[in-house]
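Taking it in order: structure first as structure tokens, then the write-up.
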Amino acid sequence: MKREIHPEYKKAKVVCACGNSFETGSTKEELKVEICSSCHPFFTGKQKLVDSGGRVEKFKRKYGLE
């Protein structure tokens, strides 16, 4: 690696939209994320079903799943 051309790697604070925050390493001082391991459905075990415009009901009617 060439000297003095790489950005400085430092501790960074990661802030999630849910309010959780933690530290990691990055070239930026602060990172803002929308979802983290504290609020992601895979890690929490809670599944969220997002129905945009009744698509789920339309699918169920189409294939007779109601």
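Just so it is clear, glycine is given a Cβ too, placed from its N, Cα and C backbone atoms.
Sequence annotations record features per position, and here Swiss-Prot assigns Zn(2+) binding site to C16, C18, C36, C39 based on sequence analysis.
Positions of Swiss-Prot features highlighted on the structure.
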| residue | record | Cβ neighbours (10 Å) |
| --- | --- | --- |
| C16 | Zn(2+) binding site | 18 |
| C18 | Zn(2+) binding site | 13 |
| C36 | Zn(2+) binding site | 17 |
| C39 | Zn(2+) binding site | 16 |
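In the three-state DSSP classification, C16 (Zn(2+) binding site) falls within a strand. DSSP assigns C39 (Zn(2+) binding site) to coil in the three-state reduction, outside any helix or strand. The residues near the Zn(2+) site, meaning same-chain residues not in C16, C18, C36, C39 whose C-beta sits within 8 angstroms of the mean position of the site's C-beta atoms, are A17, G19, N20, V33, E34, I35, S37, S38, H40, in sequence order.
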